[in-house]
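A.B. asks: The following feature annotations were taken from Swiss-Prot:
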- 72-93: coiled coil (COILED)
- 1-10: compositional bias 'Basic and acidic residues' (COMPBIAS)
- 52-63: compositional bias 'Polar residues' (COMPBIAS)
- 84-96: compositional bias 'Basic and acidic residues' (COMPBIAS)
- 1-105: region 'Disordered' (REGION)
Amino acid sequence: MDCKSEESAQRTDSQAFQEPDGLPEAGGEDGLSESFQLLQVDVEYERPEETSPANSAVWSSKNMQRKQRHWERIVSSKKSKRKQERERRKAKRAEDPGNGTCPQHSKRFLKALTKEKLLEAKHSGPRLCVDLSMTQHMSKKELSRLAGQIRRLYGSNKKASRPFWICLTGFSTASPLYEECLRMNDGFSAYLLDVTEEDCFSLFPLETLVYLTPDSEHSLEDIDQSTVYVIGGLVDESIQKKVTFQKAREYSVKTARLPIQEYMIKRQNEKNYHSEILAINQVFDILSTYFETRNWPEALKKGVSPGKGYVLQNSAEG
């Protein structure tokens, strides 16, 4: 029994010191070092995510540098574009020094300045009345065109250095035209002008009215601030003649026409078309320009487009 136990113990000890399969025999320190290196490679292959802190820090640092350079390029590009835009605006102001705006003025300041000018015109400026009492027979298309003309008229008056006070008469807030103005004109309900259902003949003393109509026998010579100038708010594609003239005659109101015949001549065109009928915003542009410059040729050039078949006398040869 003692001999068998001793042999069993020897076999156990022999197995305990047996080399692992696949590894080279332990041949001193070199063989042992080589074995540990192979084991280390296996461990790193099985867990590649375990990188050294030093390598991770280097990679993170390079990534941050790339992001920083990318961000700096974006910032530099934006600065360059802003500089170019400032230079473009500066050059534009140099080309047109009389545009009436200052770069240091904010939109809020300019809005307040415009409001102040318009309110001052209400008390001391010339008055312009747009007679909208003839819109009941106008089509939807004609109403839309008239709403657009009202918007352009108001826009021109806001930009004028000496604005008129505008009054829209015979204008019901329940009318299709009012709805069209709200639809087409942003902020229409906040326009600085008067809106009333009364017609101009009952709102103002008749002796203060001058109805502007192309059918009048009298030419408008000057603008008087004590006079209320009336424009017929009428867009009529069928071109009914003398509608506004007859209405003025009905109330025994003075009439006048723009001095187109005095300062302009007919120019030959393919359609042989010549007309003194203008949109209300074109009539206003002429009145506003004349009120600022006191120069009829300049004012007429502003409002009478070449399509009307008229040119200024001194430019007829062109």
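The backbone N, Cα and C atoms fix where each Cβ goes, and this holds for glycine too.
Because the structure is a prediction, the values reported are computed rather than measured.
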A.B. asks: Can you count helix, strand and coil residues in the compositional bias 'Basic and acidic residues' (84-96) using DSSP?
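C.D. replies: The compositional bias 'Basic and acidic residues' (84-96) comes out at 12 helix, 0 strand, 1 coil.
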A.B. asks: Over the coiled coil (72-93), what is the model's average pLDDT?
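C.D. replies: Mean model confidence (pLDDT) across the coiled coil (72-93) is 84.
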